[in-house]
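Asker: I am attaching a structure below and will ask some questions about it afterwards.
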Amino acid sequence: MVDRGPLLTSAIIFYLAIGAAIFEVLEEPHWKEAKKNYYTQKLHLLKEFPCLGQEGLDKILEVVSDAAGQGVAITGNQTFNNWNWPNAMIFAATVITTIGYGNVAPKTPAGRLFCVFYGLFGVPLCLTWISALGKFFGGRAKRLGQFLTKRGVSLRKAQITCTVIFIVWGVLVHLVIPPFVFMVTEGWNYIEGLYYSFITISTIGFGDFVAGVNPSANYHALYRYFVELWIYLGLAWLSLFVNWKVSMFVEVHKAIKKRRRRRKESFESSPHSRKALQVKGSTASKDVNIFSFLSKKEETYNDLIKQIGKKAMKTSGGGETGPGPGLGPQGGGLPALPPSLVPLVVYSKNRVPTLEEVSQTLRSKGHVSRSPDEEAVARAPEDSSPAPEVFMNQLDRISEECEPWDAQDYHPLIFQDASITFVNTEAGLSDEETSKSSLEDNLAGEESPQQGAEAKAPLNMGEFPSSSESTFTSTESELSVPYEQLMNEYNKANSPKGT
């Protein structure tokens, strides 16, 4: 909605400028004529009374002006008391009604101070009473409308009738008829009476025309009270008229909003408008909302895993119970090792394995044959031990069970029957050097088996090198190496290079 503040301000400034220009055109010639007449009359008085000089005439005019400012009648032999009780009552009414004619005003400091506090409490009280009086007349108008509707008059006609009666009654009683009364009592013409009526009812109160203060007039005893009551009724009518205008503007504004709402609803219900809104929505979707972009959650590793699981569930068909195309062996991925070849991870930092441990490890891998007793002993705990757990890839489980994978419930796979041996090195040989030395030792062992047999005699099986490779992984090719060749490789690696 457009802000109406600048528009109203511009309208007020324009209205003031137009009014000032019109008043200047209408009143300035009269002021110039009055000024010219004043100087002409002064010269005429000086010629008529030659003994009176210019200074004497100015002193007389100053005295007269000061007396008029104090509220004293400067013409005639009779004086008018503006501060007796009836006239003071009219002055008090002009204070609390905010009319303020200005023809009579307090002259003493005490009177001026009392006028301030009197108006401070009297103005709100008077405005409240005038508002209540206006509501009273509004209630009478409402009852008149109800009476008309009961007589069979339509609601709209009853409203129009009450409004017309209200406006005509106010205009007649407060603007049209009073000037005739003032023509008789005050000696004004009709324009002056109409002017005074409007200036008084609108609380402008210039004070150039005031009823009931002419000292040469012979007023009725109730005339001043009649004028005061007329002022109060006129202010109540004006208050009701302003409230009616405000309510009328409010109703008009509501009607305009209601019409706009209906027009908008009819526009949205039409197929052409829907199509236009869809086109507008498609074009607006291309705009980037920076706030939603900044508040977008960053994807983490868990989110990516969940997305992979959802994709696997979708590709598996959603309702199938069989394995889907995962990353495990069932989905065409990497094959899983059988339980017999699952490596055993043993980490020993400074401990040297004994000969019995080496023999047991080689026998378990099939490099050394076992005796029947040893096979029976080795087979006994295997039969009594529970079946080994079969671990499956989490993504394969997702595709089989068709359920999303919660990354928080994932636990790493721990193989309890592994055969990978990690031997810590203190000498610091790298994996590449170890692999090269192992290859050279294997070639040397095939060329000189006798040298390897001689080196087997002084072998102490209770000691293992602490400077071997840091990582050793057993594969299928190593499982076929005989026991003697392994011992030859071991002796070759531990023997000094010079021998």
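Positions of Cβ are set from backbone N, Cα and C atoms, glycine also.
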Asker: Report which of Ser270, Ser371 appears in Swiss-Prot with the annotation phosphoserine.
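Answerer: Annotated as phosphoserine in Swiss-Prot: Ser371.
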Asker: Per Swiss-Prot, which of 98-103, 152-157, 254-259, 302-307 is region 'Selectivity filter 1'?
Answerer: 98-103
Asker: Among the binding-site residues Ile99, Ile204, which residue has the fewest other Cβ atoms within 10 Å of its own Cβ?
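Answerer: Fewest other Cβ atoms within 10 Å, among the binding-site residues Ile99, Ile204, is found for Ile204.
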Asker: Measure from the Cβ of Thr98 (K(+) 4 binding site) and count the other Cβ atoms within 10 Å, all protein chains considered.
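Answerer: There are 15 such Cβ atoms around Thr98 (K(+) 4 binding site).
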Asker: Quick one: pull the CA-CA distance for Thr98 (K(+) 4 binding site) versus Ile204 (K(+) 1 binding site), whole Å only.
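Answerer: With the alpha carbons as reference points, the distance is 8 Å.
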Asker: Within its own chain, what residues at least 6 apart in sequence put their Cβ under 8 Å from the Cβ of Thr203 (K(+) 4 binding site), listed in sequence order?
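Answerer: Once residues fewer than 6 apart are set aside, Thr203 (K(+) 4 binding site) is near Thr97, Thr98, Ile99, Leu235.
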Asker: For the recorded K(+) 1 site, enumerate neighbouring residues of the same chain (Cβ within 8 Å of the Cβ centroid of Thr98, Ile99, Thr203, Ile204, site residues themselves excluded), in sequence order.
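Answerer: Sorted by sequence, the hits are Thr94, Thr97, Gly100, Thr200, Ser202, Gly205.
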Asker: For the region 'Selectivity filter 1' (98-103), report the average pLDDT of the model, please.
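Answerer: Summarising the region 'Selectivity filter 1' (98-103) by its mean pLDDT gives 89.
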Asker: Would you mind pulling the DSSP three-state label for Thr98 (K(+) 4 binding site)?
Answerer: coil
Asker: Do any residues, 6 or more residues outside the topological domain 'Cytoplasmic' (134-157), come within under 8 Å Cβ-to-Cβ of it, and if so which ones?
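Answerer: Distant Cβ neighbours of the topological domain 'Cytoplasmic' (134-157) are 165-166, 236-237, 239-240, 243-244.
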